[in-house]
Amino acid sequence: MNITTALPLPTHLLSEKVTAPLLGARKIYVTGSRQDIRVPMREIALTPSSARYGGNENLSLVLYDTSGIYTDPQATIDLACGLPRLRTAWIDERADTVEAKLHFKVPESVSVTAPPFPTPPQPLRARDNVAVTQLEYARRGLVTPEMEFVAIREQQRREQTVENLRGQRHAGDAWGALVGTPITPEFVRDEIARGRAILPNNINHPESEPMIIGRNFLTKINANIGTSALSSSIAEEVEKLVWAIRWGADTIMDLSTGRDIHATREWILRNSPVPVGTVPIYQALEKVDGHVDALSWDVFRDTLIEQAEQGVDYVTVHAGVLRDFIPLTASRLTGIVSRGGSIMARWCQAHRSENFLYTHFEELCEIMRAYDVAFSLGDGLRPGCIADANDAAQFAELEILGKLTHIAWNHQVQVMVEGPGHVPMQLIKANMDKQLAACGEAPFYTLGPLTTDIAPGYDHITSAIGAAMIGWYGTAMLCYVTPKEHLGLPNLQDVHDGIIAYKIAAHAADLAKGHPAAQARDDALSKARFEFRWQDQFHLSLDPEKALALHDESLPKEAHKRAAFCSMCGPQFCSMKISQEVRDASSSELSDANTDINTSDGI
């Protein structure tokens, strides 16, 4: 694999640790109805069972893969060139775009310390009075290549996978979701047309591999990255991007608030195979030197267009923080904890005016539909502690977000709705129920929720508990929380730990909903565990490297990977080994009994 970078680093940005194929996995591509629809998947080949366990072949397992070309040994990675623009031909074929006239240029007065991306593409926008959104195409009955790509990706060779299940597949409870329906391109189109799913694919981010967010599909996770005024750099954030998607992030959000926001975002977009989201108000605030009072609709509009031209796929907009709702937060224990929400609340107070994102919402929609940028309607009044959960401010904003959802749909703009936050377990389901009712089943996208406030340093765990629950109830995408939540900017290890916690939560939710293929991986790993196929256990796990490392801490020899025990129980007390001995003895006794019957008098 060839890796080059124009970033000013003493060593290569992307180490073998970041780009090597996952342990025991092979990148494969499934071709669709046309040769340029090549859907990446991860195949795990399994070893045969030993003679004691029947000596049967164990068929390989195909898994959803988000890592792009970075884990493909045949790919050449050049960060200065970016990823292949796989969707360019599809966009051009629709003949509904033109070159954008407005293109961001760094003002001479702005000090830029980061290297600009060497070859930024010419941005596109829709032709006049045309919407270029996947929602518009879906409502017209058009099945796009993006929709077919998604259908193949979500289906995961489901028929083969389910057929290979040895154990009983438990019935799930999907709370009204259509889990189990075959994922066809037409099903994808229909879900998008109904607003129950979004396919976030800005026409200026052709490098992205199409994916879908909706409760009738696999539960997705998002990872937040981004520079701050005090820490991190472009190089670190690009590395975090590649690291995050390696472990399973379905989308990433660039929440940069430090210098060089535009350059950071360009490097990330050009090298991201997953959708990229942002919160434009952060950059808008940087443009007015951090003075909230100086913010305006004009500054925000120009910032949004700038980001849309770069290729941002979805944006968080805190348009539901209305002036009348601010007093509802006065009695809260922790006030307004959303950065965007607090900014807009402060602006409303300073100007004694309504939130300009709310009053200009239809103009926002006109911009979004010209690039196919999806709304992620921000929950600026989400609870920031358990004490504030499910209060009047939170649900007043949710009702407004529901109204804005329908306005966006009327403009053919894709929408998902953000949710909390900090919520104790007994109050979680009410959040899902209220969102479905208020927002017409638009996808729900939640931060956790954290189920307790007492564990700084472990909030990836406190929040994964809530994430698993709300994912089961129907949340379409879960925003990860890292161990650094409330404490600092996450590093690579924090990103890894947050993603693994949320992959567990998302998979647990899919199991509980009864997703047809979800249990296949569990069953394959359980079978490997019972048969002491250690390498297969490692390869099937969410983090093969850690599983192997923990095993080898106490039993490092190669022979130990063929042993019928681990260091927990040893060779004499392994329950699974004893269980197989019980089976063998029972089988022998049954065989002897049958022999006795067959040889007795009169038979």
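Placed from the backbone N, Cα and C atoms, the Cβ positions cover glycine too.
Per Swiss-Prot, the features are as follows:
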BINDING   ASN224, MET253, TYR282, HIS318, SER338, ARG339, GLY340, ASP379, GLY380, LEU381, ARG382, GLU418, TYR445  substrate binding site
BINDING   HIS422, HIS486  Zn(2+) binding site
BINDING   CYS566, CYS569, CYS574  [4Fe-4S] cluster binding site
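Location within the structure of each feature annotated in Swiss-Prot.
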residue: ASN224; record: substrate binding site; CB count, 10 Å: 23
residue: TYR282; record: substrate binding site; CB count, 10 Å: 20
residue: SER338; record: substrate binding site; CB count, 10 Å: 24
residue: GLY340; record: substrate binding site; CB count, 10 Å: 22
residue: GLY380; record: substrate binding site; CB count, 10 Å: 32
residue: ARG382; record: substrate binding site; CB count, 10 Å: 27
residue: HIS422; record: Zn(2+) binding site; CB count, 10 Å: 25
residue: TYR445; record: substrate binding site; CB count, 10 Å: 27
residue: HIS486; record: Zn(2+) binding site; CB count, 10 Å: 14
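Between the two most distant C-alpha atoms of the annotated substrate binders (ASN224, MET253, TYR282, HIS318, SER338, ARG339, GLY340, ASP379, GLY380, LEU381, ARG382, GLU418, TYR445) there are 20 Å. Taking CA atoms as the reference points, TYR445 (substrate binding site) and HIS422 (Zn(2+) binding site) are 14 Å apart. Between GLY340 (substrate binding site) and HIS486 (Zn(2+) binding site), the C-alpha separation comes to 16 Å.
DSSP assigns HIS422 (Zn(2+) binding site) to a strand in the three-state reduction. Put simply, HIS486 (Zn(2+) binding site) is 19 Å from TYR282 (substrate binding site) when counted between their Cα atoms. Secondary structure from DSSP puts SER338 (substrate binding site) in coil.
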